[in-house]
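Enquirer: Before we start, here is the structure in question, set down as C-alpha cells.
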Amino acid sequence: MAFSAAASASTNLVPAVASGRGGAAASASQHGETARLARFGVSSSACANALSLSSSRSCASMGEVLWANGGAVRLAARRTLRVRAAGAGTIVQPEGFQITSVPTTPIDGQKTGTSGLRKKVKEFQSPNYLANWIQALFDSLPAEDVKGSTLVLGGDGRYFNKEASQIIIKIAAGNGVGKILVGREGIASTPAVSAIIRARKANGGFVMSASHNPGGPKYDWGIKFNYSSGQPAPESITDKIYGNTLSIKEIKQADIPDVNLSELGVHKFGDFSVEVIDPVADYLNLLEEVFDFDLLKGLLTSKDFRFKFDAMHAVTGAYAKPIFVDRLGAPEDSIFNGVPLEDFGGGHPDPNLTYAEELVKIMYGTDAPDFGAASDGDGDRNMILGNHFFITPSDSVAMIAANADAIPYFKTGLKGLARSMPTSGALDRVAKELGLPFFETPTGWKFFGNLMDAGKCSVCGEESFGTGSDHVREKDGIWAVLAWISIVAYKNRDRKVGEKLVTVADIAKEHWAKYGRNFFSRYDYEECESAGANKMVEHLRDIIAKSKKGDKYGNYELELADDFAYTDPIDGSVATKQGIRFIFSDGSRIIFRLSGTGSAGATIRIYVEQYEQDTTKHDLDAQDALKPLIDIALSVSKLQEFTGRTKPTVIT
C-alpha cells in the first residue's frame, strides 16, 4: 500500500453530510440526514446525539461531516468548518482520528546531507518516497521532540510543496506531534522558518526547498529539518535518518482530511492542531529588533535614492512588499518578479551575475538605480549591486562586519566572525583589525550555527551568496539586503538634500583602501558526469600527496597543499575531505570542490583568490587580475580532459 496525500479518512468510515443550521430548514435537513445514516446502520439515537451536538456548536458554514463507523457517529470535517464557540479563526475538525500503519519498504538514494534531501520532483512523487523520509525522520528524533511537540512547516512555494505539506501534516499527526505551525499556502522562507522556530519556541521545523535550484514538474524539490535553535539538523540526526530509511517498515499516518492552507486559522483534530500563520509576521518583528527601521525608511523614501529588488519569482516575493514597500516606504515598482511561482517563472532562482540577468542589466544600464539586490528560491541567499558595481559575497560579509556600527543589533559589539573555507580572506583581515575571534569552517551553515549557539560568532558568510548573523541560524537574504541599506543610510545620515550620495562603490573602495582587496572568482561547472568529476578529484589528491612547500606553479610558490579538514571547536566533530587547497606564499589560493546541492550529476567548483594591497590596482577587473591563477587551476586539474567541459556554466 502506498501513502496518498488525498487519503482523508480510513476506508472503513462511511461519510454522510449534515447541516449545522437551525430552524425548519435545519429540522428537515436533520430528518433527511437521519434517514441517510440509518441506511448505513447507524441508530436513530446516535444520529440524534450527533445532530444535536452539531446544532449546539453554532456552525457558521455548511460542510460538517458525520462519519458512521460500526454504529457510532463522530465528528470529522471534509470541508473547512468555522465554529463560533471555538473562538475567532478556529476551525474545529474531528474530536479524534485514527492512526493507520501503512506497510512500506526501504527506498534507495535517501542519503541526507547538510541541505537535507534533494531530488527531482518525479522521484519525490513516487509511492512513499517522501513519506518514507518523513517517517524515518520522526523515528530519528528523541521522543520529547515528537510527542506533543510543536513543529514549523514552510517552503519556497515551488512545485509539489502543497502536496508535500499535506503528507507531512498527516504523518506528523500519526507520530504524536501536538501542533504544526504552517505558513499560509505552505510558504515560509528558510530564514523565516528559523525565526519562527525560535520565536515560538518550537521543537523544530521542516523547510521544503531545493534552494537556488530550478523548480517545476521536471526539476528539483527538497526537504530538510531544522532543530529547536533554528539551525539545520546536525549529522548525528541526518545520519540516523539515512539509517532509518534503510530499514523502514511502516509509515504512521493520521486519517485526517487535507488542511486548507489558504486561510489563517487553527484546524483542530482532537489533541492535534494545525495553525496556518502569516509567514512574514514573526520574521518582520525580528528584523525590526535588528535594524533601525526609521533610518532605513529615511533612505528608501528619499527622492534621490533609487532601489531595485529582484525576488526572482521566489519566496521573498511574499516578503518584499510587506517589508520594503509597506513598512519601509520604498516605491512599489522597486520590487519586480515579486509574485512567487511554482516554477519561478521558468527561471533559475540563483542570485548571481548569470541567472539574475534582468537585475544586472538594470544596474549596469543607463540611468541605473543606486542600489540593487536579489534573493534566491528560499530566501537565504543574496546578491548586492551598486550603480555599475558588483559586491562579491566574500567582500560583502567583510564589509558588513567592518561597518557593524550601522546596525543596532550589534551595538554591544561583535562576538566573532566566521567564513566558509572557500570564501576569500577579506573577512580574516577585518577580524584581525578588530581583534575578534575568527573561524574558518567547511561549507555548510550548520558549522556557523554551532559557533553561534556557543556565543562565539555574530557575523558569518559564504562565497556562495550566503550571508547572515546570529539573529537566526540560517543565512538570510533579506537580512543581508537590509544590512547593506543600513550601511548606505548610516554613511549618508548627515547628508543634506542635493549633496552627493555615498554610494555602494564608495563604501567598497574605502574598505579596500584600508584592508586591501581580495580579488576572487568562482567557476561553476554544473551537472558534470559524476565519474569524470570524481576522477578529477582523485587526480588532484594524488598531486597534493606528492606536493611539498616551495613547489613552483608558474610564478607562484606553494606554501601548502591539502584536503581541508575541520575539527568543530564546540562539539569536537571532525569533517574531512572538504575541499582541495593550493595555498601559495603570497596568500593566493586555488580551491577545488564538488558541490552536493544539486539533484543530478556533480557540480565542480573552482575558486581562485589573490590579495592586492596596491590601491592603484584595486579597479582591475577580477578576471584580468586572476587570469594567471585561473590558467594554473585549469591546467593542474585537467578539467577538460576529465569532464569534456571547455567553459564554466557560471562565473562569479
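From the backbone N, Cα and C atoms, a Cβ is placed for every residue, glycine too.
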Enquirer: Suppose a student reads Swiss-Prot and sees S211, D380, R381, T443, E462, S464, K475 listed for alpha-D-glucose 1,6-bisphosphate. Which of R118, R306, R327, R541 should they find annotated at that same site?
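Expert: My reading of Swiss-Prot gives R118 as the candidate in that site.
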Enquirer: Spatially, which candidate from the binding-site residues S211, E462, S464 is nearest to D378 (Mg(2+) binding site), comparing Cα atoms?
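Expert: Result for D378 (Mg(2+) binding site): the nearest of the binding-site residues is S211.
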Enquirer: Excluding near sequence neighbours, so keeping only residues 6 or more apart in the same chain, what lies with its CB under 8 A of D376 (Mg(2+) binding site)?
Expert: S211, H212, M312, A314, P349, D350, P351, N382, F465, G477
Enquirer: Quick check on the binding-site residues: of D378, D380, E462, whose CB has the lowest count of neighbouring CB atoms inside 10 Å?
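Expert: Least crowded of the binding-site residues D378, D380, E462, by Cβ count within 10 Å, is E462.
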